[in-house]
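According to TrEMBL, the protein has these features:
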DOMAIN    209-375  domain 'Helicase ATP-binding'
DOMAIN    406-628  domain 'Helicase C-terminal'
BINDING   Cys436, Cys439, Cys476, Cys479  Zn(2+) 1 binding site
BINDING   Cys445, Cys448, Cys463, Cys466  Zn(2+) 2 binding site
Amino acid sequence: MSQDSFIPQKIVPVLVPMPAERPYSYAVPDGMEVKAGSIVRVPLGPREVAGIVTDGSTDSIDAKKLRPISELFDCPPVDGDMLRFMRWAADYTISPPGMVARMVLRVPAAFDPEPPVPGLRFAGREPDRMTGARARVLELAEDGMAWTRTGLAHAAGVSATVVDGLVTQGVFEHVMIPPRPVVAAPDVDYAKAALSGEQEGAAAQLVDAVSAGGFSVSLLDGVTGSGKTEVYFEAVAKAIEKGKQVLILLPEIALTQQFLDRFHDRFGSKPGEWHSDLAPRMRERVWRQVMEGQIRVVAGARSALFLPFQELGLIVVDEEHDPAYKQEDRVYYNARDMAVVRGHIGNFPVVLASATPSIESQVNAGQGRYNRIKLTGRYAEAAMPDLKSIDMRRSPPRPGGFLSPALVEAINRTLHRQEQSLLFLNRRGYAPLTLCRVCGHRFQCPDCSSWLVEHRFRGQLVCHQCGHHEARPEACPSCGTLDHLVACGPGVERIAEEAEKTFPDARIIVLSSDLMGVKRLRLELDAIARGEADIIIGTQLVAKGHNFPNMTLVGVVDADLGLANGDPRAAERTFQLLSQVTGRAGRTGKKSLGLLQTYQPDHPVMRAIVSGDSQAFYEREIEERERSGLPPFGRLGSLIISAATRVEAENHARALRRAAPVSPQISVLGPAEAPLALVRGRHRFRLLIHGTRKADIQGFIRAMLAAGPKERGSVRVQVDIDPQSFL
Ligand code: ADP
Ligand code: ZN
């Protein structure tokens, strides 16, 4: 510093999309101005990658190894709240900060502005000679708006040479047209819904929260069809009015065309969409336009939380209980919980909406941390469906079938009234298990510990874990006997087969995510809504988001299905799913019926659904959670240790277990072989960390990982804080 000739080189930490524990240091070239949040291109080994300049100190680094930033992108910096959020997310989930940055940066072409396209604009001069074609062109362009050459010719219905002629005469001048916004700005006054009294009261509370600003969480708790969407749209309108950006998270965004239409009905334009089915070019545009503030409202899947909003002022999490909010890939996080954190960091309100809130949110509302807003009735004259269980012990299906006489009769009555029935079974394919009747051989995935599921439409046996598939053989591979393979249990395809036999004149559609792409599904859902099917057989994707006006019967083929899997949330999940599915019926005022086929009609879940007394069910579940110290009364973390061989995985898991610190508040369970002991050829063990509500689970796990053996060879350790899955 004392020598004039010595100019200290500026060094900054950069988060690169890598599983590194710390940011890497880079030199800032002369004349480049970077700050925390700047998006830059940096060399990384032999490659160049995009990274985010972060704040904080840099590691000391050998000057010879120090490499300069290659480029500062022409892009606004990620804002300070977002940087804080990223840091928080990495800390909380025990993920390398670079992997969180990677989630922000997965839009390679969006860091430079989209280039303007060449266009033409009316220059104010009349052509020397007017023709009909020229008049049509001028009529369109006279207001001075810029057009592309081909766009203008096409719109005017003339050949491009007509336009060229006008250019030659100086009637049009060349201009550059900036990239167009992917969606128009929402208009808060476009078509405000006339809310019912109860809806009005709920909306007012949300609007107040947005007006007041500051962090708050509201739990919008209303039965299916009560108009939660209409209600939170008013909060969205308020936030837009305040000049804020809004994020609406939806669990199954790719399938919620209806949601986008409803948004359009209310605001006169669609929201920006964000999900994994967007074309890459569109993803990049949406990302860039969110960053630049052109897009004011995003409707997105969980990953939309990592979009670079600059003025975020409200997040709505619709169907907040939905398990799809949990990401279990690289960075394991729950988008519902992260949304609340994002609101806290950005100091703005968060709305959680559900007909069947998660136990966590129920408890938070019960203890006053969240503001509970109730909607008790369905909108307008629509009544809730009449719900009944069918005791399968007393009313069994005919041999080889899965539909009880009572359900068959209800479907017949519905067909007779020319209304729609939904048969729900959360199992893809034809049969979940295939075995040989002679030797008992079961078809299992070679790489996973799961049975192969027969998909008869595709003629294959498929592993639902890894996608492995093989043709269904004629002969048993074990004993060689021909034609003695039997399908055990039903999947949707098998129910469809039974329905086709039982109701030969009905139009039947099977909806299952494996049978069609998102585009097809959207079309099918629209067709159903228009009444083009009588019986719809589907997995859980039919439970979400769609309103079928003519659907008056919902039959749950196997209501017990989710109860038997040893997951502490099994009852809660089953309750939520069954409420949601049966809630599909009778949305538009017709008398409707929900029937649950069950072997356990006295199970608390069935009772709660049939009686409509969800409160008693929740109270009981909450009590049970509290007694066993499970979330939200205690904390869980889980470590999944996997390796190419069973012994490596087990040894590593045991060594980690031994490295666990001693804590009066935290205990370690396991290692135990995971219920899914083998996935994609990797053997899996689990450790479960259970702590009290105040326990520092993350600190404990970090200490364990630091003291234990490092990942080496084929061994991988995945941390899952607040695990949802125990498989
Ligand atoms: P939820 O999200 O609570 O299940 P929705 O918001 O989907 O309920 O509303 C159910 C149906 O009732 C939708 O078709 C919706 O358009 C209609 N609806 C609800 N409230 C109103 C309202 N105030 N005005 C007009 N239609 C409404
Ligand atoms: Zn497999």
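Placed from the backbone N, Cα and C atoms, the Cβ positions cover glycine too.
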Across all the protein chains here, work out how many other Cβ atoms are within 10 Å of the Cβ of Cys463 (Zn(2+) 2 binding site). 21
Measure from each Cβ of the binding-site residues Cys436, Cys439, Cys476, Cys479 to the atoms of ligand 2 and list the residues where some distance is under 6 Å. none
Taking each of the binding-site residues Cys445, Cys466, Cys476 in turn and counting other Cβ atoms within 10 Å of its Cβ, which one has the fewest? Cys466
Which of the three DSSP states, helix, strand or coil, fits Cys436 (Zn(2+) 1 binding site)? strand
Neighbouring CB atoms within 10 angstroms of the CB of Cys436 (Zn(2+) 1 binding site), all protein chains considered, total 19
Spatial neighbours of Cys448 (Zn(2+) 2 binding site) that are distant in sequence (at least 6 apart) but have CB under 8 A: Cys463, Gln465, Cys466, His468, Leu676, Leu678, Val679, Arg680, Gly681
For Cys479 (Zn(2+) 1 binding site), the nonlocal same-chain Cβ neighbours (under 8 Å, six or more residues apart) come out as Cys436, Val438, Cys439, His441
Non-site residues, in chain order, whose CB comes within 8 A of the mean position of the CB atoms of Cys436, Cys439, Cys476, Cys479 at Zn(2+) 1: Arg437, Val438, Gly440, His441, Pro477, Ser478, Gly480, Thr481, His484
